[in-house]
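A short worksheet on the structure shown next.
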Amino acid sequence: MKTSSLTGSLFFTTPKFARLRFAFKLSFAIVLSLFLGFHLQLETPRWSVLTAAIVAAGPAFAAGGEPFSGAIRHRGMLRIIGTFIGCIGALVIIIATVRAPVVMLMLCCIWAGLCTWVSSLVKVENAYIFGLAGYTALIIIVSTQGTPLLTPQFAVERCSEIVLGIVCAILADLLFSPRSIKQDVDRSIGELLVDQYRLLQLSMSGTEKEAIDAAWHALVRKTTALSGMRSSLMLESSRWQNSNRRLTSLHTQSLMMITQACETYLILQDVPTPVKSSLKMVLDQPVESLRDVHCRVKALRHLIAADSRDVPPTLIDWVGAATRYLLLAKGVQANGRLNTIEADVLNSDVEIKAPSAETHHAMINGLRTGVATALGCLFWLSTGWTSGSVCMVMIAVVTSLAMRLPNPQMMAKDFLFGTIYALPLGALMFMFIMPSTQQSMLLLCLSLGGMAFFLGLEVQKRRLGSLGALASTINILVLDNPMTFNVSQFLDSAIGQIIGCFLALMVIMLIRDNTKAHTGRTLLNRFVYGAVSALTTNRARRKENHLPALYQQLFLLLNRFPDDIAKYRLALWLIIMHQRLRTLDIPQNAALSAFHRQIRATAEQVISARRDATRSRYFAQLLDELERYQQMLTEQQLPPSVTAPVGRLTGILRDYQHALSN
């Protein structure tokens, strides 16, 4: 009896049960929005059903399983904001150009492209707002093309239906116990520190470059993933506020440990120094858990406190960062109030946000959306096809949502396959099942819920076309009040969806994104600026924490150039130089301060230069200024510990001058 009850309790914690629970959650959200839509006498309950499906299924498709607590609520809030922005934009466009329908449609295409451009520049988690705002305005304008005076009424109805769908999705998420991410955060914190210690062991033992590269590459990705978990934890509940602050600083400590371990490796490669036997004894011991690392760090602290001679300064810094990491990790697990020591750690640095390095990429994305919607508009106007508006809307939806993803073509293919799958599936529902349920609301809900349950399982597997099939099938089912079954209109809408997705895919493939090289060069020059900006006599500027921004750009570099290990190493060296130059004890001097400002201004000119010749000229000027600056430091009779890092930075920039400037 005990064995069977234990087996049953274990089943409720398995991934299989989580998938079934989410599929039921999706079905409940869709059925509830359908029932309330008809009960409240909404004109088109289809919009509320479609909204509930997209809000609930979108995060699951992105996560590859049941989304964590708070993800659906956050998605719903973003959709509400984007819908209101799109409605306001549509009203402004219609009021300004009500007497010129063609100009109105062209302005709508420009609006969609502009929103896509903005969505490519903002944070990924907020990009959904602007992508949605772009195609919402287009949907409203296209839907009211024949009756522009009814636009305010249509906008209000559309907002009401969308809000109803979002409320249903959030209610379903709350009722069916979404999983908390807190346990995953605690587990990731421990695993991350264990991997950090293993990287330190590799660095101190003089392992080959390939092993070091693989280790720090994996650590950068895990640290970035932990930062993403922090965002999800804050979406879950406001009670994690203190843990959120600790995780923000813990992210910085993790990046510092990566930097210190890699710098230790480079120092030992340049100047091979035998490691003290006592340190080697501690470092050679394997670690398997957070407790093991805690014991090793404690032993290292005692050894350094007893005799810090012949201990690399970077190892001392690593132990300090690991100590702060352990302190913050304990606070995250307990989620208690911040103590004095933790508050000092949190207030020690001022994190700096980096501007986007994908401005050219964003312009290409906006151009793709604008051109695609304009082509759809011309196709609609030239053919006079009744479902041309459906084609145009699908073009806007696909191009607006796909552009922010790393692989827009794959997203467009998902929508294309989804619309193709939706044709037979929708025909089965529309021609055979739904007409038989007109006398019973219960049968209608069961039929639609069964379809949603099946597609909900496929969405979590990230099956190609699953998310597109769910949205496209609901879109072509005439869930209006009262319901009508016009087969020719159904086929027109289904074919219009397919043609729209095909045209969107063609535009994405034809308008190629050739900004990859430009983005890579911009990112590398941002690392150069990050290194030289650490040269300062201003204490407030020295407290600025550029590490999260620099590693965020490094993570983008890893994604844009997945196989270019030379770029990773150069970027990591520049991050190491930033961290080393930040700790230099440069005396207060007006001449040095003026030279610091000049060096930063020249580095900014290198980043902003549009032509290769101009960029090369400014880069050569930057090298000359760094050499003169090193001479000034020597004339000030500063020790080699201050002048040598500047010379090392100048040497790195000179060695990679061609890659950074041309």
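Glycine is no exception: its Cβ is also placed from the backbone N, Cα and C atoms.
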Range annotated transmembrane segment in Swiss-Prot (choices 129-149, 570-590, 591-611) is 129-149
- Message: Contact between the transmembrane segment (415-435) and the transmembrane segment (52-72) is defined here as three or more C-beta pairs under 8 Å separated by at least 6 residues; is that satisfied?
- Response: no
Ranked by Cβ pairs within a distance under 8 Å of the transmembrane segment (465-485), the first of 22-42, 129-149, 161-181, 439-459, 491-511 is 439-459
Quick tally over 129-149, 161-181, 491-511 of CB pairs under 8 Å to the transmembrane segment (415-435) gives the top stretch as 491-511
Between the transmembrane segment (491-511) and the stretches 76-96, 378-398, 439-459, the largest tally of CB pairs under 8 Å belongs to 378-398
How about the transmembrane segment (161-181) with the transmembrane segment (439-459) - do they touch, taking at least 3 C-beta pairs under 8 Å (6 or more apart in sequence) as contact?
no
